[in-house]
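Below is one structure; the comments refer to it alone.
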């Protein structure tokens, strides 16, 4: 990929506009989870260290486009950055027709979604943004799958468009996992529905040596194997699709293993009594909420021998501890593995946090939808734009 990297550029006295993902939860004017902000700090600091006048933009939440709404203002983010950085930080609310930005300071543009035309990648808006800078830096992998004015259009018209360090790291890690993976390659795909992950399953089943399914997705594969799933969440209309995926995997010498034992309950609640049963003994009133210890150990053995691991989604309802043992065993196996491992997706990151294995995973992807679309083999518009500008 012929993408220009920000790290390679001379930014002395340059006006540098960085698109970051500063979309964080805010309550009573305070940032309540700062993971994305912490991840963004090194890029801002690097631009400052390189002698640039730094401008930063992001979206926050889902306001009505084109309308200011104080609930979605980036002011709490500015307050956070002002404390975290040793440089002056200020918010610019009216910036499209020009903004003063001095070397050594950070100007944060108000929520890009307050601009009419942001979502539609409006050309006039994109050109106005591009006119504000000498260098545009795309550093928000989490929004790279959206062709919008602040993630795509501006980069088409800016004098120089490049990838920031966060985006470059993400693309390197995903490339390492998918383009030329160390074998055997194992993918763990969980979540509630096959329908939302069907293209991911199809794409991965063609490149991995072992595809492991969990959560509600696994229930559809259990049904496809001819077992009763009781009242469990599953998709009857996709049973044939599951059979086809298994047949495809086996024709390549791989497999999509179905659990041999499962943890069931009669209701979905934090206090539901968990019962371990053989997969052939699920009753009509049971709901499957986790894989059993035998299945978890079998999957752990697969993970132990892997060269590359891609993890997207838990294998059970791990939010309730009595249904979390399967996901915990998988998480520990990934943590103990010597393989190159990459984890992504909201629920997956929550599991990584719960079992405290963040420092044992090779790379944690910040992008939810973008991570999935990359796994599906789709072209990400922002990445395509950077490749075009770098060519």
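Glycine is treated like the rest: Cβ placed from N, Cα and C.
According to its DSSP assignment, residue 113 (substrate binding site) is helical. Residues or ranges marked as substrate binding site in Swiss-Prot: 21, 22, 23, 36, 59, 60, 61, 62, 113, 146.
The Cβ neighbour count for residue 319 (ATP binding site), using a 10 Å radius over every protein chain in view, is 14. In the three-state DSSP assignment, the secondary structure recorded for residue 319 (ATP binding site) is coil. If you look up Swiss-Prot, you'll see 197, 319, 345, 346, 347, 348 marked as ATP binding site, on the strength of sequence analysis.
Fewest other C-beta atoms within 10 angstroms, among the binding-site residues 61, 345, 346, are seen around 346.
For residue 347 (ATP binding site), applying a Cβ distance below 8 Å and a minimum sequence separation of six or more within one chain yields 190, 191, 313, 314.
In the set 21, 23, 59, 61, 113, none of the binding-site residues has a C-alpha within 10 Å of the C-alpha of residue 348 (ATP binding site).
Ranking the binding-site residues 23, 59, 61, 113 by the distance of their Cα atoms from the Cα of residue 346 (ATP binding site) places 23 first. According to its DSSP assignment, residue 59 (substrate binding site) is coil.
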